[in-house]
Amino acid sequence: MPGVTKEEPQLDLAIIGGGITGLSLAAGLLSRNIHVTIYERARQFREIGAGIGFTPNAERSMIALDPRVHAAFKNVATPNETDLFRWVDGYTHYSDERYEELLFETDLGKRGFEGCHRAQFLDELVKLIPEKNVRLGKTLRRVTEKVDGEKLLLEFEDGSTAEADAVIGCDGIRSRVRQLILGEDNPASYPRYSHKSAFRGLVPMDRAVDAMGREKALTRHMHLGQDAHVLTFPVAMGKLLNVVAFVTDPGEWPHEEKLSAPASKEEAVQAFSGFGHVVRAVMDLLPDTLDRWAVFDTYDHPASTYVRGRMCIAGDAAHASSPHHGAGAGTGIEDAAVLAAVLAAASETASSLAKTKAEALRAALATYDAIRLERSQWVVQSSRILGELYEWQYEPTGRDAAKCGAEVYWRSHQIWDYDVDDMLRRTAEDYRRRLE
């Protein structure tokens, strides 16, 4: 599906939200000579959270989307000490204070599943987008179709307006575009608390090595336990250890509109007081003040569609996932790769006058919906299951290491081994059929 030649852009698109998915998509569209404007509600680009990882399928999608996006990631990615991902028993107490029983492991492939600091990756992506294509401080209120049927009218909370041929919502887990597509009274328009939350923090690597040993500190590890688990992996070029410590919370999240709340190291230490020495030592290394993040997702009420006419949603706005697969952001990159490819095809269609812009865009977004809905929602569902498995709550596996390993291996490779080239081939075929 080749891009159009460098003539006057045929399409003028609006992206709502300037996070990783929105910026990556914008870069891919601009590289295909499609004009795009990003509308971001914040006064500056910022990413919440600390570390983030991308699986091999996500890296292949970055390359397909725009090799510059992949280069931006690699510029800030931290290689693991080994190409292994290890799952260990973080719960049992052992006489050797650095020892945790290896339950199972998998080979990630050369430089597979690397992590980076979210803000550093975002900074690299921002460099790919000209300032003239960005509007900050813009909170979307509604989208309507103009009387002539050609343009969509965007209205913002500050009273300003804009026009676009199509609107792509990359506005995160509490997406306004999702509400506009599905309806404000639809439960699927809103994420739900998954009854897990996480203490998140960064630890200086030299202190982590003292507590865990060099290889463990510099290699991605999942520390399993009863009703809680901990993920550790290196970021910031190996200078920091990213720690994400999950706990099950049967109650409701008390902080209403906020997805995070201040927490103390003492709370994390107490939550993991029954775990083995390595996990307790890592908790002791956390900063005195932390954030505790509520894990919300779209599992309970998945969207029936990601599209309405010439509006669509992508990334967390479409299928916010719990982080237990480490695949949420990567799934958004897959979305972006499909959108960039099919919108480039729609631009060619409009340029040839075979269809109107509106007809071409409706067909393109219908294709996107058909290609992405099932897979992305499977990731949401499977991620929930892994969150239970890591805390010995998943009945089919319990604490059986062999069963846990087989389940994790199968589910992980469904994501990691995804054929991105085939996804794009099916995208092109589906779009062509819709034009016939």
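Glycine residues also receive a Cβ, built from the backbone N, Cα and C atoms like all the rest.
Among Arg111, Arg118, Arg384, only Arg118 appears in Swiss-Prot as part of the FAD site alongside Glu40, Gly53, Asp316, Ala329.
Among the binding-site residues listed (Glu40, Gly53, Asp316, Ala329), Gly53 has its Cα nearest to the Cα of Arg200 (active site). Remark: Gly53 (FAD binding site) has Phe113, Glu114, Gly115, Cys116, Arg220, Phe233, Gly326 as non-local neighbours, by Cβ distance under 8 Å and separation of at least 6 in sequence.
Counting Cβ atoms from all protein chains shown, Asp316 (FAD binding site) has 28 others lying within 10 Å of its own Cβ.
Residues Glu40, Gly53, Arg118, Asp316, Ala329 are the ones the record ties to FAD, and the longest Cα gap between any two of them is 24 Å.
If you draw a 10 Å sphere around the CB of Glu40 (FAD binding site), it holds 23 other CB atoms from the protein chains shown.
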